[in-house]
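Single-structure report; data block below.
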Amino acid sequence: MSTETTLRVSEIFHSIQGESSLAGWPCAFVRLAGCGHGCRYCDTAYAKEAGTVMTVEQIVRRALAFDAPCIEVTGGEPLLQPGAFELLSELCDRHPVVLLETGGFLPVERVDPRVHAIIDIKAPSSGVAAENCATNFALALDTPERFEFKIVVASREDYEWAKSYIAGHGLPGKCSIIFGPVFGHLEPRLLAEWILRDRLPVRMQLQLHKYIWQPDARGV
Ligand SMILES: C[S@@+](CC[C@H](N)C(=O)[O-])C[C@H]1O[C@@H](n2cnc3c(N)ncnc32)[C@H](O)[C@@H]1O
Ligand SMILES: Nc1nc2[nH]cc(C(=O)O)c2c(=O)[nH]1
Ligand code: SF4
Ligand SMILES: [Mg+2]
C-alpha cells in the first residue's frame, strides 16, 4: 500500500465528536471532498466542492497531530474516493480508534475491519431513501461490533418508516441503532417521546457540536 496515494480533502479539524456512540469524545476529523448524493437536509454542502489534494501520509500526519482519542473519516461521501480505503487502513495501522461516517448507499465490505463504521440509513425526507445499500445489513449482522446505523428523521412519517425499516432488516437488538432529528426540523422532545412510547431499542442523538458552536460553523 502506498501512502503517496492522493485524496481530495475538504477540511481536517479537531472537535468534540457530535454524533454516534462516541459523541462527546475529542476527535480528529478528516472530511473528504465530494458527494454524489443529494440528501435534502445535508448540512455539509460545502464538502461537495473540489477540496485540496493531499497524500495519505500528509492526511494521516495531520490527523495524528491532534493526539485525539479517536479519528473520524467523513465527508462528503468518503467512500466515493478509491484512496479512502487505503487512508482508513493506514489510520488503523497508526491509531487504535478509527471511525467512518458513510451515507449508506455504498457497500462497506472493502472497509478495513478494524474501522468502526457509522452507516447512515436515509429516510424518505432525505429524498434518496431508494439508494440505501441493503447489502451492508448482512455484513453488519455478521459482525455487529464493527457497525452502528444512524437514521436522521424529519417527521413522524420518517420515524414510522425508520421503525419498520430496521425491523424489516432484523437490526433491532442485534446492531447498534441511533435515531436523530434533522437539525432544526424536528423537535428533539418529539423524537424522544416517540422512542419512549414505542419502547424502541435505539439510542437517540443530537448533533452535540451544533449546541456548542454555531450550527452552520465549518471546522467543528
Ligand atoms: C455530512 S454527512 C457526511 C458523511 C456521509 N456522507 C453520510 O451521509 O453519513 C454526516 C452525517 O451528517 C448527518 N446530517 C447531515 N445533515 C444533517 C442535518 N441537517 N441534521 C442532522 N443530521 C444531519 C447525516 O446523518 C450524516 O450521516
Ligand atoms: N463535531 C462534529 N462531529 C461530527 N460527527 C460526524 C460529523 C460529520 O459531519 O460527519 C461531525 C461534524 O461535522 N462535527
Ligand atoms: S450523503 Fe452525506 S454528505 Fe452526501 S448529501 Fe447526504 S448527508 Fe450530505
Ligand atoms: Mg457534520
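Yeah, the Cβs are placed from backbone N, Cα and C, and that goes for glycine too.
Here the structure is a predicted model, which means the values were calculated and not measured.
DSSP assigns GLN17 (substrate binding site) to coil in the three-state reduction, outside any helix or strand. There are 21 other Cβ atoms within 10 Å of the Cβ belonging to GLN17 (substrate binding site). Marked as substrate binding site by TrEMBL: ILE16, GLN17, GLY18, ARG31, THR74.
If you look up TrEMBL, you'll see 22-220 marked as domain 'Radical SAM core'.
TrEMBL lists CYS35, CYS39, CYS42 with the feature [4Fe-4S] cluster binding site. In this structure, CYS42 ([4Fe-4S] cluster binding site) belongs to neither helix nor strand by DSSP; it is coil. A C-beta separation below 8 Å, combined with a sequence spacing of at least six in one chain, links CYS42 ([4Fe-4S] cluster binding site) to CYS35.
The S-adenosyl-L-methionine binding site annotation in TrEMBL covers TYR41, CYS42, ASP43, GLY76. When Cβ atoms from all protein chains are considered, those within 10 Å of GLY76 (S-adenosyl-L-methionine binding site) total 27, not counting its own.
Annotation comment: TrEMBL describes THR44 as Mg(2+) binding site. The Cβ of THR44 (Mg(2+) binding site) lies under 8 Å from the Cβ of ARG31, GLY75, GLY76, each on the same chain and at least six residues away in sequence.
Once the Cα atoms of ILE16, GLN17, GLY18, ARG31, THR74, the listed binders of substrate, are compared pairwise, the greatest separation found is 14 Å. Of all the binding-site residues listed here (ILE16, GLN17, GLY18), GLY18 has the Cα closest to the Cα of CYS39 ([4Fe-4S] cluster binding site). Checking the binding-site residues CYS35, CYS39, TYR41, CYS42, GLY76 for a CB within less than 6 Å of any atom of ligand 2 leaves no residue at all. Working note on the binding-site residues ILE16, ARG31, TYR41, ASP43: by count of other C-beta atoms within 10 Å of each C-beta, ARG31 ranks first. Counting other Cβ atoms within 10 Å of each Cβ, the binding-site residues CYS35, CYS39 show the lowest value at CYS35. Excluding the listed site residues ILE16, GLN17, GLY18, ARG31, THR74, the same chain places SER15, GLU19, CYS27, PHE29, GLU72, GLU101, HIS209, VAL220 with Cβ atoms within 8 Å of the centre of the substrate site Cβ atoms.
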